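Working notes, beginning with the structure itself.
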Amino acid sequence: MSIRFPQGFVWGAATAAYQIEGAVTEDGRGPSIWDEFCRHPGAVGRGDNGDIACDHYHRWPSDLDLLEELGVGAYRFSVAWSRIFPEGTGRVNPAGLDFYERLVDSLLERGITPMVTLYHWDLPQALQETGGWADRATAEKFADYSARVATRLGDRVESWITLNEPYCSAFVGYVEGRHAPGIVDEATAVQVLHHLLLGHGLATSAIRATGVPGKVGVTLNLTSPHPASSAPEDLAAYRRLDLYENRMFLDPVLGRGYPADAEEFYRGITDFGFVQPGDLDVIAAPMDFLGVNYYERHLVEADPANPRGWRRLPDPNPTISGIGVHPEGLGEVLDRVSEYTDLPLMITETGIALHDYVDPERRIHDQERIDFYDGHVRAAADAIARGVNLVGFFPWSFMDNFEWAWGYGHRFGLYYVDYATQERIPKDSASWYARVTRANGLE
Ligand code: FCB
């Protein structure tokens, strides 16, 4: 059955600075927490790091040619804070702004709308050394940096995303310790979360204060959890997990403050003493859209052995990332968010990691990825038919890249990257997606 999307629906593709750029010491870039984290033995698979990554810093013109071939209307990329402010604050590095200006101008020449993420996890290491996001001042420095970028590029950038996935920065970085800065300290994690959200609010207002016309939003990774049964313990476990994965983020940015059950959840861990009067109003700064990254739907049951009280059931059919393929979860997340807000929603990421390989005919037959996207595009279309205000879809990712703690082993791209030669090869999914963008839907 063919499916056509509303006119003006945005088909895009997404990347992030540290995952693709490389050139980590070039043109005055300062180190970030990921440069540092990758150097810790065992932190990243096989000891991989982003020093070279996809060498996009040098190859961006030909990469933009490939984006054009995909037929996308928009490109979501991130600015590396430490290219603009090598020490995070103070001295501006003009070469950093010049790089992103060339990128933006070249996108516009190709008719591709730039969508800029200001923070995709790469805090300048100098700021980590003064406390990182646990320090309230980092939120203000983030707003200054955001305003600086907006002042330079704001006449040409249509949308700004303040933060990418604060869940990962705060909870994967400070509870699990699997991401930079690799700390395991729950009390600090909640404080970090609060300062990230404060940074989002301050940056939103700071960008607007520059007078630029662009839209401003935030990207949250939201999950679709379900209780494994209707037993009261499973329902309670589900509610706690949903608090942790979704409501701690959605509620404050959409003006509801922290959920009432957060106090009980964090009892004995933190009393939220770091929340100052007025902070929640700052965090609730009006937005123009909400970015949703969707990867996970899971069943939750009670687990008395876990102090948090929950257990996510292993997926019966996991991909190499350990998560299942559940397009229906995308619809569930979109419906849920629509109950919170009328803001336009954008799927700023969704995607699947596979062990892609180049066959003897130099083809990459990633039918599983095509099936994945087909299902998710259909789920998006169904959501729109139910009245969800969904305006865009950005596959993760434009090309294979440095996949954080997984290193280069997890390939999410529409384009295959041969890291030894930096050759890019379109996977079958790239050809498939190019047909989707041109048809504005599925034929
Ligand atoms: C998201 C990140 C993105 C990428 C995908 C697979 O959590 O935002 O950078 O790593 O997962």
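Here the Cβ of each residue, glycine as well, is placed from N, Cα and C on the backbone.
Here TrEMBL flags Gln19, His120, Asn164, Tyr295, Trp396, Glu403, Trp404 as substrate binding site. Sequence-distant contacts (6 or more apart, same chain, Cβ under 8 Å) of Glu403 (substrate binding site) comprise Gln19, Ala353, Gly409, His410, Arg411, Phe412. According to its DSSP assignment, Glu403 (substrate binding site) is coil.
Summarising the annotation, TrEMBL assigns active site, proton donor to Glu165. Glu165 (active site, proton donor) is surrounded by 25 other CB atoms, counting those within 10 A of its CB over all protein chains shown.
Annotation comment: TrEMBL describes Glu349 as active site, nucleophile. Classification of Glu349 (active site, nucleophile) by DSSP places it within a strand.
A C-beta separation below 8 Å, combined with a sequence spacing of at least six in one chain, links Trp396 (substrate binding site) to Ala14, Asn293, Glu349, Thr350, Gly351, Phe412. Take Gln19, His120, Asn164, Tyr295, Trp396, Glu403, Trp404, the residues named in the record as contacts for substrate: the widest Cα to Cα gap among them comes to 18 Å. The secondary structure of Tyr295 (substrate binding site), as reduced to three states from DSSP, is extended strand. The Cβ of His120 (substrate binding site) lies under 8 Å from the Cβ of Ala16, Ala17, Tyr18, Gln19, Ser78, Asn164, each on the same chain and at least six residues away in sequence.
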